[in-house]
Each structure stands twice: as C-alpha cells, then as structure tokens.
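Asks: From TrEMBL, for reference:
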type	residues	note
DOMAIN	A:129-422	domain 'NADH:quinone oxidoreductase/Mrp antiporter transmembrane'
TRANSMEM	A:6-26	transmembrane segment
TRANSMEM	A:38-60	transmembrane segment
TRANSMEM	A:80-100	transmembrane segment
TRANSMEM	A:112-139	transmembrane segment
TRANSMEM	A:165-186	transmembrane segment
TRANSMEM	A:207-226	transmembrane segment
TRANSMEM	A:246-265	transmembrane segment
TRANSMEM	A:277-295	transmembrane segment
TRANSMEM	A:315-338	transmembrane segment
TRANSMEM	A:373-393	transmembrane segment
TRANSMEM	A:413-437	transmembrane segment
TRANSMEM	A:458-479	transmembrane segment
Amino acid sequence: MNPGNGILLSVLASSLLPGLVIFAIAEHRIALRTTLNLLGAVVKLVLVGWMLWGVAHGQAYELRLALLPGLDFVLRAGPLALLFVTLSSVLWLLTTLYAIGYLEGSPHRSRFFGFFSLCVTATVGVALAGNLLTFLLFYELLTLSTYPLVVHRATEAARRAGQSYLVYTLSGGVLLLAGTVWLYSLTGTLEFRATGFVQDLDASHHGALIAIFWLLIAGVGVKAALFPLHGWLPQAMVAPAPVSALLHAVAVVKAGAFGIVRIVYEVFGVEQAADLGVTLPLAGLAAFTILYGSLRALYQDDLKRRLAFSTVSQVSYIALGVAIAGPIATIGGLVHLVHQGLMKITLFFCAGNLAETLHIHRISEMDGVGRRLPWTMGAFTLAAFGMIGLPPVAGFVSKWYLGLGAMEAGQDWVVLVLAGSSLLNAAYFLPILHRAWFRAPAGDGFAAAGGRHETGWLLLWPPVITAAMSLGAGMLAFIPFSPLEWVQFIGRREFIGYE
Amino acid sequence: MPEGVSLSALAALPWDAVLILLPLTGAVAAGLWPRSARPIGLLVSAGGIPILVGLGTAVAGTDGLHHAVGGWGAPLGIELRADALSLVFLATTALVGLGVALYADSYFEPTLARWFWPLWLFLLGALNALFLSADLFNLYVTLELMGLAAVALTALGGGRAALTGAMRYLLATLLGSLVYLLGVALLYHATGTLDFGLLGQRLEAGPASRTALGLMGAGLALKTALFPFHFWLPPAHASAPAPVSALLSALVVKASFYILVRLWLELFAPLAATAATGQVLGLLGMAAILWGSWQALRQPRVKLLVAYSTVAQIGYLFLAFPLLSAAGLPDAAAWRAVLWLVLAHALAKAAMFLAAGNLLRFGGHDRITDLDCVAQRLPLTVAAFALAGVSIAGLPPTGGFIGKWLLLEAALLQGRWDLVTVMLLGGLLAAGYVFKVVGHFFTPAATRHEAQRVPARMEWTALGLAVLALLLGLAPGILLPWFDSAVVMPMAGARQ
C-alpha cells in the first residue's frame, strides 16, 4: 500500500468528518462547534504542510480506489494540486475564524459550518483529483454544497440568487459531464498526464476533440466566471460575507480556473491544444472577460457587487496565462491563482467588516470610513493596490510574468489588455480609496468604536493577515515555498518548457 | 469442510417458495387478527432480507435456480425460477419494502393500519411471486394480483381525489393486463407453451410473434406508465397515502417493467425482427423523460411533482431497448445501467415520497410556494428529499449518477447522440424541479400555518432510504458484477 493513501484520505476527512458532526451539533453548543471547526482546519493545515515538504523532496502521494470497471477514483498530490490545496487550507482556517466572529448570534450556524466544511472538502478534492471523473465528482459536490450557503439568509432574494446559481453551475456540470463521457468513449482513459492523454487519437477525431474541449471549458468556465457564463457570481453576493470571501472569491471560481489548467495541460496537453487551434480563442475569451468584468465593475455602487465583477475580471488572468500556452505566461497565470485569492479574500473580509460593523454596503456611503476603521481600510488599500498591479504587492508579480510570457509567446496584444485592465482596475478601486481616506464622513460621522479595537478581533485579524500575506508574496517572491517559487517548481516538474 | 456443508444446506432450502408464501400467509393472518397485524407486518417485511440473503447464496455461482412447486414441472405445474435478474428486483423490493413498512407503522392511524398491513403483505407476496415466475401465465396472474392490491392501497386514504385516482388506476391496470393476456394467448396458440425455456426454443420470427410482442408490450407499457400511457399515474400516485405512493412509484411500476425486460432479453430480442419495436420504445422513453420532467417542473404541489418525476424516470428505463450490440443482440452494458437505475430510482423515489408525506403531515399541505422554513424545522426530511433528489437528477456522488454515467457511456459508444442529449437534458430538468422545491424549503411562507408534529421515525426512514441511494454511488464496484450477471444470464439462456 502506498504511504500516501492515509494522508490523502486524512486531508479530505479533516474537513469532511467535522462537517458531518457539526450538522448534528445543537445550535447553542458554540464551544464544541468552534473546537471541531478549528481542530479540523489546523489538522488539515499540518497534513498539507507535511505533503508540501514531501513533494518538494520528491515524494509522490497517490490514492486509487476502484469505482467503475476501468475507471478509478484517484487522488494525487502533485505540486500543482498542492498549490490549490495549500491556498484553500490556509484560507479555510482564516475564514473559519472570521466566520465565527461574523455569524456570532445569528441563527442556523451548525448548518452553515457543516456545509462550509463540505465545501472545503470538495475544493480540496477538486485540487487533488487525479483523473477527470474524480474531478467531476468533486466539482459537482462543490456546486451542491455551496447552494445552501448562498440561500443561507433564507430571504426571497437569497432563494432567487440560489436558483440562478444552480441554473448556471448545474448547466455547466452537464456540459462537463457530456465532454467527460464523450472523451472517455474515445480514449478509454481519463487519467491526468503531464502531456495530456489525447495525443494517440488520429486526425479523424480532431473535430470531436475540439467539440470536447469547448464542452469541458464551458463546464468549468461557469465556475471560473468566463464571459458569458459569469452571471451567477454578482447575484451570489447575497450570501454572508465569509461565503463571498472564501467561496466566491477563492474556492468556487478557482475550482473553475484550476479546471481550465487541468484541461489545457493535463487532458489535452498544451501542444495538442495549440495544434487544435483552441488556445487562441480561449485566450481571446479570457482577455475579453478581463476587460468586460472591469468595465462592469466601474458601474457598481454596491461594494460587494463591484468586487464580484472585479473577480470576474481577475480570475480570467489565470485562464489567459494558461491559454497563451507559453511556459512563462503559465507561471503568471498559476501564481495569480494564489495571489488573486489572497488579495480578493482580503477585500471581501473588509467589505464584510464594513457591513457588519457600520452597516455600510454601498460605495457612496464610504466617505471618511478610513478614520473609523483604519486597520480594515489599510488592509483593503493594500489589496486594492495589489489588484491594480502596483509593486511590491503580489498582483504585480502575476502581471509581470503574464506580460513577459505573452511577449515571449509572440502575443504582444496581451500586454495591451493587461495595461488596459490595470487602468480600469485603478479606475474602480482608487475612487473607493479616495472616499475612504480623503473625504469627510457624511452627517454626524460614525459611532465611536466600542472596545479597544475598531471591530471584533475575529473580524479584524483575518483581513490584516491576508493583506500581509499578499504583500509578503510580492516582496518575498523568491524565497523557498513562496507562491512564485512553488509555481516555478511546478513548471519544472510537471510542464515541459520551463527552465 | 463444514462451511461448504452448511452452504449447500442453505442452498437446498426452498427460499423462493418461502419468499412468496411468508407474505401471503402474513397477509391472511394480519387480515384475520387485526390486533396482531402490526407485528406480523413488520416481521414479514423485515424477514424478506435474510430470506433473500439465503436465496442469493443459493443462486450465486449457478445460472439460475429452478424449482417446480409440488414436484410438477413445466409445462403442467407452477415453476419458480430465481436468477440474478430476479434478485435485483427482489432485493429492491425487500429494501424499499422494509423502509416503507417502518414508515407506515408510524404513519397510519389504527383504523387504517388494519387495512394497510394485509394489503401490503399481499402486494409483497404478489411482487415476489411475479419476480420468481417462470412462465407467462403465472406472470399474468401475479401481475393481476399485484394490480388489485395496489389499487386497494391507493384508495386507502379515502376522499374524492383518492377514489377517483384509484378508479382510473384500476381501469388502466385491468386494461393493461387484458391486452397483455391477449398477447400471451397468441403466443400459446403459436407455440403450445407458456414456459420461458420452451418458448425460447420454439418461438420464431413471424407475424404471430410480432403481434404478440406488440400486444404484450403495449399492455406492459400501460402498466409501467410509459409515455403516452402515463395518464393514470400522477393522480393515483399523488393522491395515495405517502407510504403507498412510495410503494407504487418505487416497486409496482417496476414489476411490469420486469416482465418486459424478461420478454425482451430472453424471448424477443434474439428474433432480429424486433429491432423496430426497440426503436419505438426508445423514442417513447425519450418523450417520457422530456414530458415528465417538464410537467414536474410546472407542478405547484410536491407530491404531484414527485409523481411526474416518476413518469420521467421511467423513460430512462426504456433507453436500453434501442441499443443493440454488434451482433444485433441487446447491449449488455446498457441493460446493466438500466437495472442499476431501477434500484437507484426505487430507493430515491421512495425516500422522496416519504419526505413529501412528512411535509404534508407537518404543514397540512404540500403546496411548494407555501412551504414554511421547513429546512430549519424538519432538517432530516429536507436532507432526505434533497439527497434523493440529487440522485434522481443523476448528480454525483449518488447511485443515480453511476446509472446515468453507465447509460451515457453505452449510448455514446453506439453514437446515439439523441439518447445522450435527452439524458443530459432530463438530468438538468430534474435538477430544476428538485431544487425548485429545495429552494422553498429555506424561505418562510407568506402566511404561517399551524404545524403538526412529525414522528422521528418517519423522518429517519425517509433519510435512511435516501442515504442508501447515496451509498449506491460511493462503491458501485461491489454490486456491479451482480448486475452484469443479471443481464448476461437471461441472454445466455436465450441463446441456448
């Protein structure tokens, strides 16, 4: 038996089991629930750290269980999988802390944390999936386990948002299923491989392969919020802030983006994909989404909706980097998976603090809020700078590699897209910062802070930590185990062409 | 070797006869002594499982057991036959039957329970006898007995809607049996036998066998509620008491389908002339999926929605008919998938009807838009409905997903894009109607209603069945070989 079996199952179980137990915990037993939540999150983090160390030293972890004849349930912890697993696990711990503070005193917390843990399990499963079927299983599980969180507030608006969320994501799931089963009928395997597994098919199947590519991409593109499949994301903002933060800024959209990476590189193989002529249209679609999302963000007054459209735009950087099909651009795309996650979760935490502490939901209400919530708005500012791509925050590193990679691949137009998008980012973030820091509060100003802190410490520390991490990921980009170093390690280990 | 001895001793017992006689005796006893009806009913319902394990041990490794009752074999006497295909349906019946019996025990008031128990045991005996019959006439008799028991159970709730639904159901089921019987008569006239084994040797392609297939197929399609013969199902299944609805949707419609599968795999498919019939059945199946799902989506009440969902799900079962292997024989992979769906659907649909019954008991109504924060107040029921719905919609990680995947794979390998498209669309529509209800579980209703208490056991049995449907998707490899032989055995028998 492979030594990886135990640890891979434990990584899943560390959120699955607490989740299932939490469903059964009575609403008022806060201490027990919190202990379970944090225990699971910490255990997961330790296990992930262990695997990171192992993989960096050449260890491979694989778990294989027979599911159907010829098709296994496969979990495999390679460098690429661990990139996403680490991101999810670290942010899960922080978001759990945040959610405990945010939901204090609100009803149905057992249900909330139960499904929250299921979502994390599904996300980690998406990352660790070793073949397309396993990926599909966890991808759909993620859809189903996020739904109760979207409708958590139990209002009519929440119900409608949930309905629209499912219409989008389940339709995507059907396309993904169609592509997967079609591909399986052609190849007889669904195992992810560094150079893809479709190269043995002869030229007569090219038409089918192109159709399968778009089916699969449309399937994961819904979660990655690729235009025109992005409509669910702004609507899903009706969910509580921790959900928006972890799931709709990180887990769900990243599951889609991560799927694009897997499909382009490990299903089709980047060279075959380029030969089929599908990467350029994908890059074009991603570029369009980047600009479109930014433009729509400009016109939102609701803070969370503006952030949501910003997510639509930013997640497509990952797709763009992958679709340019050059090694350096791919590095840029992959590292943005982490960088965007850190920055966007900070922004959503801060938006949650504004809503929870001061009941501010709209940008037009944010005048002078920096004086009342200096730490929160400080973290927000840092993350916004990162989004715009200002050095030394992490976003700059991503954009640098994306631009460089595009030039190297001879796709100079991408640089224009990046520049245009940065301008638009500045255009929708800087006015917020200006209002917060340089305008006087309207009317009688904000109520003074109650305690020693500007808000509850559980609400304050997570955004401050993630903001610091975004800064660190940019400033210390070249130390071992930094996101960039790890992505370069992926490039050397899993994809051809990065030296 | 003592273990071998005990196993062969087990195999020697007449498990099949016990499986029929025990429920029938129980039915009589429960009818005669209403005060003991409850323990008898529960005991017999639970007893099916160990008996089935015994039968399974006896069948394993053989190509089917034959048992001539009273020593009189075919063509004169009653012959019973148990093989892997019968076991699939028997096991489905035993599992769902036990779950529903436990539920019904809390559901019915004593005045109704005294009628429910004998009728249910009678139905159980008829179902088991049907799955074990080895000739066409016995199949007819058991089909008729089952139909009568089912109609009586449908009318159990009383009230105008239930009686109208039951009456329609009675007419449909009688008409179906009659048409089936005509086909049987025609076959008897042509071949001089009704035994499956002998028919397999004597039946030849020709106008007589084609007409017989047409008649029997039409009669059974009517009883299985295949589109466009589904008209009787929604009113009957929606107006019956919840445990009865669960039995009707999960088991009773599967019984006539079982006969059709037997006829198809063993008798008619080897006659090449039946390919066109297969295509027609496939087309009707596709129409059923689309029409049933669409109607389900439009229903304002939970039970009607679930009933129309049954119309749609029955459609999937007919998608294997048009799929033929290269040799022109039934596609074993497709049939394996369909049998899988029979089990998965039975578990999930029973769970959904039981959950719907809980909602009805709780709020006094099952109007979807008036559901009032039930996610908070009946969490187990809601979990049961949602889990079962996920399986019905064919989403992972459930039994429904595995069945759909296997069927999709079989259809794709034959390039049947029409079937693939309809299956995918049907899954999407199913997710649509399931989550239409689930969405309203969370929100409060415009007007508050007085809520009734729902016994814990009614919640747990619904959830238990839904969890079984879920477990079916987690380790399908354990059961799949059994489903393989369920298809291969009858086909191999047919070729001999």
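Every residue, even glycine, has its Cβ placed from backbone N, Cα and C.
Curation does not apply to TrEMBL; its annotations are automatic.
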Asks: Below 8 angstroms Cβ to Cβ, which residues of this chain, lying six or more residues outside the transmembrane segment (A:246-265), approach it?
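Replies: For the transmembrane segment (A:246-265), the far contacts come to 80, 84, 87-88, 91-92, 95, 116, 119-120, 122-123, 126-127, 129, 132, 135, 139, 142, 146, 149, 176, 192, 194, 196, 213, 216-217, 219-226, 233, 236-237, 239, 273, 279, 282, 307-308, 311, 315, 318-319, 322-323, 325, 330, 333-334, 337, 341, 344-345, 347-348, 494-495.
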Asks: By Cβ distance under 8 Å, which residues at least 6 away from the ends of the transmembrane segment (A:373-393) in the same chain are close to it?
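Replies: For the transmembrane segment (A:373-393), the nonlocal Cβ contacts are 310, 314, 339, 342-344, 346-347, 349-350, 353-354, 357-358, 399, 418, 422, 425-426, 429-430, 432-433, 436-437, 453-455, 460, 463-464, 466-467, 470-471, 474-475.
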Asks: Short question: most Cβ pairs under 8 Å with the transmembrane segment (A:112-139), which of A:6-26, A:165-186, A:207-226?
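Replies: Stretch with the highest Cβ contact count: A:6-26.
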Asks: Taking contact to mean three or more C-beta pairs under 8 angstroms, with sequence separation of 6 or more, is the transmembrane segment (A:315-338) in contact with the transmembrane segment (A:6-26)?
Replies: no
Asks: Any residues 6+ beyond the ends of the transmembrane segment (A:6-26) with a Cβ under 8 Å from its own?
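Replies: Contacts of the transmembrane segment (A:6-26) (Cβ under 8 Å, skipping residues fewer than 6 from its ends): 32-33, 36-37, 39-41, 43-44, 47-48, 50-51, 61-63, 75, 77, 85, 92, 110-111, 113-118, 120-121, 124-125, 128.
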